[in-house]
């Protein structure tokens, strides 16, 4: 598809219904109104993906402070089936990875993936994510209900925390 354009755009109150519709089609789970209200607050951590000006996918993340770490949680990252394998998911994930890299304070990025979603697991593994645990009955009303937790550890940029050693002079 030479000449096709993939662009990321902001999620706004004017296009939140597009995001809602995409998520209904892409994911086997439904998201409540609080999810969409929160998405409007995260700025660059939520993006719609456009293929030749058509909204075909989205990524939605949040900052999560847990386990004494600053973590980025990918709540959703998905693309309509006819537009998969065109680099759209890669563009969305790279956007998120770049935010974490520029910020420099994230310990890791993580997400949940249904255990049967092999293509998603393979996709994230290409970017250095690893399965760190499996949660039984994570999903309600879908089968299989179990989810893998995939995580990518982020290194602290060199130079940061380098001069922390105390010396007694």
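Backbone N, Cα and C define each Cβ position, glycine as well.
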Candidate sharing the substrate site with 75, 138, 139, 140, 141 (per Swiss-Prot), from 31, 50: 31
83, 110 - the residue Swiss-Prot records as phosphotyrosine: 110
Per Swiss-Prot, the candidate from 37, 91, 126 carrying the annotation N6-acetyllysine: 37
Candidate set 34, 152, annotation N6-acetyllysine, source Swiss-Prot, matching residue: 34
Count of other CB atoms lying within 10 Å of the CB belonging to residue 34 (N6-acetyllysine): 8
Candidate binding-site residues 75, 123, 139, pick with smallest Cα gap to residue 34 (N6-acetyllysine): 75
Nearest of the binding-site residues (117, 138, 140) to residue 79 (acetyl-CoA binding site) - Cα to Cα: 117
Separation of alpha carbons, residue 89 (acetyl-CoA binding site) and residue 121 (CoA binding site) (Å): 13
Assigned conformation of residue 140 (substrate binding site) - DSSP reduced to three states: coil
Protein Cβ atoms within 10 Å of residue 121 (CoA binding site), excluding its own: 16
